[in-house]
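Heads up, the thing below is written out as structure tokens.
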Amino acid sequence: MAFSRREFLKSAAAASAASAVGMSVPSQLLAQAQEGEKGWRWDKSVCRFCGTGCGIMVATKNDQIVAVKGDPAAPVNRGLNCIKGYFNAKIMYGADRLTDPLLRVNEKGEFDKQGKFKPVSWKKAFDVMEAQFKRAYNELGPTGIGVFGSGQYTIQEGYMAAKLIKGGFRSNNLDPNARHCMASAVAAFMETFGIDEPAGCYDDIELTDTIITWGANMAEMHPILWARVTDKKLSNPDKVKVINLSTYTNRTSDLADIEIIFTPQTDLAIWNYIAREIVYNHPESIDMEFVKNHCIFTTGFTDIGYGMRTDIKHAKYDPKELDIAAKERSKVLSEAEGVTLRYLGMKAGDVMEMKHNATAGNHWEITFEDFKKALEPYTLDFVAKLAKGNSEESLESFKEKLQKLANLYIEKERKVVSFWTMGMNQHTRGTWVNEQSYMVHFLLGKQAKPGSGAFSLTGQPSACGTAREVGTFSHRLPADMVVANPKHRAVSEKIWKLPEGTLNPKMGAHYMNIMRDLEDGKIKFAWIQVNNPWQNTANANHWIKAAREMDNFIVCSDAYPGISAKVADLILPTAMIYEKWGAYGNAERRTQHWRQQVVPVGNAMPDVWQMAEFSKRFKLKEVWGAKKIDDKLTLPDVLEKAKAMGYSPEDTLFEVLFANSEAKSFKAKDPIGEGFENTEVFGDRRNVAGSDGEVFKGYGFFIHKYLWEEYRRFGNGHGHDLADFDTYHKVRGLKWPVVDGKETQWRFNAKYDPYARKAGSGEFAFYGDAMKELPRGDLLSPKTEEKFKLTNKAKIFFRPYMDPPEMPSSEYPLWLCTGRVLEHWHSGTMTMRVPELYRAVPEALCYMHPEDAKKLGVKQNEAVWVESRRGKVKARVDTRGRNRTPLGLVYVPWFDEKVYINKVCLDATCPISKQTDFKKCAVKVYKA
């Protein structure tokens, strides 16, 4: 049968689409599709992009990925893909894919910080990397090195990084880019529930009556989930309600029954308005039994700062930055804050001194009466006036929308799901606003129930599965454990077979502080893995200069030359998703594994291999002796204890951490891997010359399986249970905790969660035990020294409205919001290499209200400068596009390195979660 490529593509697409929706496929189309797929091998895998976790089928032929389609058997996406998902194959074969290590060298071929990039061998790359690491490590100790990790690590990669950096090098300066996207959600989960990650699952979409999005443009950022929302809405348009709360109109508004455009930061006030409506005007709606049996009321300090440098006159600040920087020490209360902080005895014009009482867990129990008192100012009139974000909308219209919003939550029999992503997380009070969502759902008893719950959606494919569950944050260990807790360190040392006292008890530098420490000379070696920190971090002009400081050495492991690679000193070419084994964990706690489909391109190698090879270059005697952390802490010499465990000071970290006797018991030849590549285990046909200059022939044991089986010991029996390695390769993922082979759909609900049943506290049990001992007090402060244990209960927090540190002014009159677009992923490092996606959206635009553009004398598509106190970028204006901003606000996506918008953004963070607020700063815009 002969037919054209065009005919084949049409028939294959038709067959796939028909299969996805359950239609029968015409025999001719099916025959054409099968003919075109001769010699293809299909295997299940996972999409490389967002946190939805779509299952895909990957086809290989002649050692190349030749096609990708949605997996009809995958429960998340049911055969559908979004526009990015369909191009999973093409991200791997961009024209400028990195294929060899690149080092800055002089004319003699020697490393030179001011030299140009030239290809070098893996041996040369690791020789220089080792020397530079040891220089920083020997001079500054474990605090002198840092690793930018990722929510795009595979689970095994993240676990290996945590074990190497924290267990091997005894440094906690490992922090993922998930700090930028999920840290506020994490902090709120831990403070509220005592355990991380959502209670519900995606099935809530089909089971609910109401979907309310808060700072979540799901139509573009989680399009497959939005397809499910759309299907639910259209199934019963009159009953099912969709509400979109945002600071600008976006595609999610197209389906919404109500669109609420609010002023940046005032989501804090809107949540409190809803709670006030419940408590003051509809007390009958409170689920008193749920609240009494399963919750307590709590609050915390407000003088927590804004997560900027505490040295407000830091030498590296530009003079233009100083007025905003000063708010880290104190601020004058605005008129709005004079109302919302009245319960503290403060008024507008008072000066609040920032005492930085922002440690997670620094809160206390209050009475319901105090909680009610604190909500009193958040009347409909006050909140509507404060929060109305569209000056062209009448106040009465906005008030009517807020009332309808509250009524939907309050309606007794109505099921409600609240979804949010970066709009709430990237927020200088991100932890607070996350906690407010639970406040409302708890009051109504609409949490941890099928079809009802507050649901934080993850942005990255394994921000949950790796960054959070594995513990690649600077303060965490696997399974919600933390470095500061001696019991948690003891558990980790036992599983990792480390001498007692090896692990560093002091929290490391978080993502933003790794940048600041590079600028200050406190960190002199940084390794970038699976992300692009120099493009994704606010106030970027500072960090570009820091990277090029002569004393700093930057290593970037990447597949393409993004901004971070360009400012680095050494670039390591890295295998991409289907060129390695791995696993991701998505937003509904679903863990999914895949097999390596093809060998990496050129001489690129997997991150697991890179870390393993680097670990070979360090002997125990170099890293496990006494190590000074600061003036108060010196880590003990554990070499004698290591000897007692059978280790030698001459042993390498590779031998102890990754190639020990247990690891070697995982046989190289495994039925799961039969017929598939496994570069780390066997090497591959490329015969890559490895870090020792010899052809790499593999480790001879199944390192990925070993890493998985060791890792899951941390969570089993503790509410984080995972299945064994083989099981995941037979299923389309499982939602943890996986107990007796069964996944858990709704946590904390005894009907569905075996841990909740085991607790024996009734229908619900919020069994997380972190931060569950707290004092009692009033709205001002704790009043008891004694701490009271909280068992199987969650916390209902009161958190007030406070202004962000930077707001529009006469000089910088516009709000700036940043974010993503449907067609591109994060910094565009992968998707900008896909011709179809590049042609669809070739550049980042400055979305602006037509009247704002008219005032500036700017027409559609004309170039403007977007300038803040920190920097400026040039972009073309769009007044008609997908993102329709209100007067006074502009939106610029960050995927385009030529429109380097993070030069403009403020590096303020939530002081509790340390997550950067990319959603609000002040700018001026003028014609270029």
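Just so you know, glycine gets a Cβ as well, placed from its N, Cα and C.
What Swiss-Prot says about this protein:
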- C47, C50, C54, C82: [4Fe-4S] cluster binding site (BINDING)
- K84, Q152, N177, C181, 214-221, 265-267, M422, Q426, N532, 557-558, K580, D607, 818-827, N902, K919: Mo-bis(molybdopterin guanine dinucleotide) binding site (BINDING)
- W894: substrate binding site (BINDING)
- 40-96: domain '4Fe-4S Mo/W bis-MGD-type' (DOMAIN)
- 1-33: signal peptide (SIGNAL)
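All features noted in Swiss-Prot, drawn onto the structure.
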residue: C50; record: [4Fe-4S] cluster binding site; CB count, 10 Å: 27
residue: C82; record: [4Fe-4S] cluster binding site; CB count, 10 Å: 24
residue: K84; record: Mo-bis(molybdopterin guanine dinucleotide) binding site; CB count, 10 Å: 22
residue: G215; record: Mo-bis(molybdopterin guanine dinucleotide) binding site; CB count, 10 Å: 24
residue: E220; record: Mo-bis(molybdopterin guanine dinucleotide) binding site; CB count, 10 Å: 19
residue: M422; record: Mo-bis(molybdopterin guanine dinucleotide) binding site; CB count, 10 Å: 26
residue: K580; record: Mo-bis(molybdopterin guanine dinucleotide) binding site; CB count, 10 Å: 29
residue: V821; record: Mo-bis(molybdopterin guanine dinucleotide) binding site; CB count, 10 Å: 26
residue: H826; record: Mo-bis(molybdopterin guanine dinucleotide) binding site; CB count, 10 Å: 24
residue: W894; record: substrate binding site; CB count, 10 Å: 23
Field: Cβ neighbour count within 10 Å of C47 ([4Fe-4S] cluster binding site)
entry: 28
- prompt: Given the binding-site residues C47, C54, W894, which lie close to K84 (Mo-bis(molybdopterin guanine dinucleotide) binding site), meaning Cα to Cα within 10 A?
  reply: C47
Task: Return the residues near C54 ([4Fe-4S] cluster binding site), defined as same-chain residues 6+ apart in sequence whose C-beta is under 8 angstroms from its C-beta, sorted by sequence, else 'none'.
output: V46, C47, G70, D71, A74, V76, N77, L80, N81, C82, G85, I224
Field: Distance from W894 (substrate binding site) back to G215 (Mo-bis(molybdopterin guanine dinucleotide) binding site), taken between C-alpha atoms, in Å
entry: 17
Message: Could you give me three numbers for the domain '4Fe-4S Mo/W bis-MGD-type' (40-96), the DSSP helix, strand and coil residue counts?
response: 7 helix, 20 strand, 30 coil
From E220, M422, H826, W894: binding-site residues whose CA lies within 10 A of C50 ([4Fe-4S] cluster binding site): H826
Message: For the domain '4Fe-4S Mo/W bis-MGD-type' (40-96), report the average pLDDT of the model, please.
response: 97
- request: State the Cα to Cα distance, in Å, between M422 (Mo-bis(molybdopterin guanine dinucleotide) binding site) and W894 (substrate binding site), rounded to an integer.
  value: 13
- prompt: Inside 8 A of the center formed by the CB atoms of C47, C50, C54, C82, which other residues of the chain have their CB, for the recorded [4Fe-4S] cluster site?
  reply: F49, T52, G53, N77, N81, K84, G85, P223, I224
- prompt: To the nearest whole angstrom, what is the C-alpha distance linking W894 (substrate binding site) and E220 (Mo-bis(molybdopterin guanine dinucleotide) binding site)?
  reply: 15
